[in-house]
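Here's the structure, in structure tokens; my notes come after.
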């Protein structure tokens, strides 16, 4: 039993500690979290997440991603409770909530992980100004990215590196990214409690809400979605171990980025993109684990950073390009984006084509399978994303990339404002004019056939085609009527006709791109790939 003197000593220690709020936004993890580490030092810690209608991408979000976010919060709350604390999930304006916490708890320090994208600047600037006026120390830490985009831009002469190759050169001048920090010793952390009167003022959720409680419901067509992805740090670390074991075997055989070169469209999910988006996995931990395993296998042989961690580097590049550009996800106001005259809103085909693409009803089985998987599960492979993006824009339908980006941003579990917009500008040639000749367009038939010759992927997501013989699975319009009848799939009745002829559409679009290219010849060189090799690496085109 604790003595009176011991109790008094404990009270004195507690009274000496400052009250600190750690504001979770992204970075929903305990490992490699320098902001949380700082907040926990000699403080009474209040871990907080605020539903403000924007944070963590909640301003434009579908059911699957919202559910994934709530799973991340549930896992974080469970872990904190195991250490004697909890996650305080609040609802309202951050400044209003912090005003209440200042008044009721007298907190003196606010810590958070940097959200480097331009769309968060207004929110964070408003909070920082409030803190300055109210004597609250603000500590912001970089751990959502490998390098601080501000340092990258400064190193490049105070302008973003316009090409991927320029970005690689710039970060090579900065040096290797920091390694993950040590785990927090939670036995030394003091957690705060929230009085009932304060809880009511900050819109406290007593437990992590369900999506339906936040007015998020599955779409009628997918009321029972196939759950292949579970959010949270605990699950992310399990998946990381599984992923690393695969990468180690690839390193031993001399293969890098094996799931990019030979993507498995139907196997168990291995991607860490959603975990990285919400920060329930540290990008630094992932990066250094890959490099350390490579070094242990190929000691003395310098690795190619791109070959080992290519997608992570693209992520960094897009974050840097968007850091000072609030119009990065737009065409007309975006200084790095070409204003291509896409199909106008007044064109009667615009709505028809766009809806067919969104709903997986284009008549091209591979394209439709990808789009249906997107809506059903919230994730599709990188190479499949490139295929449907090319099809919507410069390849076939000639529709503005903004329409595709908005659709992806709503449905993807890993939808990142910067990465999503960057990928769409890249694939549509809107920020990379070297591709304007359309030589490297994706064929909606042959591209899928190369990845999945037997059409297993199509049969999973386009069930009306399951009985179509493999020889016609990518081009069902070529199947004789008798074959269609036997397969119980009549084209134009059970499955749609092609909305466009790819050969004709791609040739017409190639000519449009050529005309745009010629008009740019005398202008300042535009943001574009440095060479053809970069095109192949990004798009994962076959070599033949």
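For all residues, glycine too, the Cβ spot is worked out from N, Cα and C.
If you check TrEMBL, you get these features:
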type	residues	note
BINDING	311, 312, 313, 314, 315, 316, 317, 318, 414, 415, 416	FAD binding site
DOMAIN	18-146	domain 'Photolyase/cryptochrome alpha/beta'
SITE	342	site 'Electron transfer via tryptophanyl radical'
SITE	401	site 'Electron transfer via tryptophanyl radical'
SITE	424	site 'Electron transfer via tryptophanyl radical'
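Sequence features, as recorded in TrEMBL, placed on the structure.
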residue : record                                            : DSSP class
311     : FAD binding site                                  : helix
317     : FAD binding site                                  : helix
342     : site 'Electron transfer via tryptophanyl radical' : coil
401     : site 'Electron transfer via tryptophanyl radical' : helix
414     : FAD binding site                                  : coil
424     : site 'Electron transfer via tryptophanyl radical' : helix
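Checked against residue 424 (site 'Electron transfer via tryptophanyl radical'), the binding-site residues 311, 313, 317, 416 differ in C-alpha distance, with 416 being the nearest. Contacts of residue 416 (FAD binding site) defined by a Cβ separation under 8 A and a same-chain sequence distance of 6+ are given as 57, 117, 277, 315, 318, in order along the sequence. The maximal spread of the FAD binding site, taken as the longest Cα to Cα distance among 311, 312, 313, 314, 315, 316, 317, 318, 414, 415, 416, is 17 Å. A sphere of 10 angstroms centred on the C-beta of residue 414 (FAD binding site) encloses 21 other C-beta atoms. Ranked by CA distance from residue 401 (site 'Electron transfer via tryptophanyl radical'), the recorded positions 311, 313, 342, 414 have 342 at the top as the closest.
Least crowded of the binding-site residues (313, 317), judged by neighbouring Cβ atoms within 10 Å of its own Cβ: 313. Taking CA atoms as the reference points, residue 311 (FAD binding site) and residue 342 (site 'Electron transfer via tryptophanyl radical') are 29 Å apart. Every protein chain shown contributes to the tally, and the Cβ of residue 311 (FAD binding site) ends up with 18 other Cβ atoms within 10 Å.
Counting other Cβ atoms within 10 Å of each Cβ, the recorded sites 342, 401, 424 show the lowest value at 342. Separating the Cα atoms of residue 313 (FAD binding site) and residue 342 (site 'Electron transfer via tryptophanyl radical') is a whole-number distance of 30 Å.
Just so you know, the Cβ of residue 315 (FAD binding site) picks up 22 other Cβ atoms within 10 Å once every protein chain is counted. Distance noted between the C-alpha atoms of residue 342 (site 'Electron transfer via tryptophanyl radical') and residue 317 (FAD binding site) is 26 Å.
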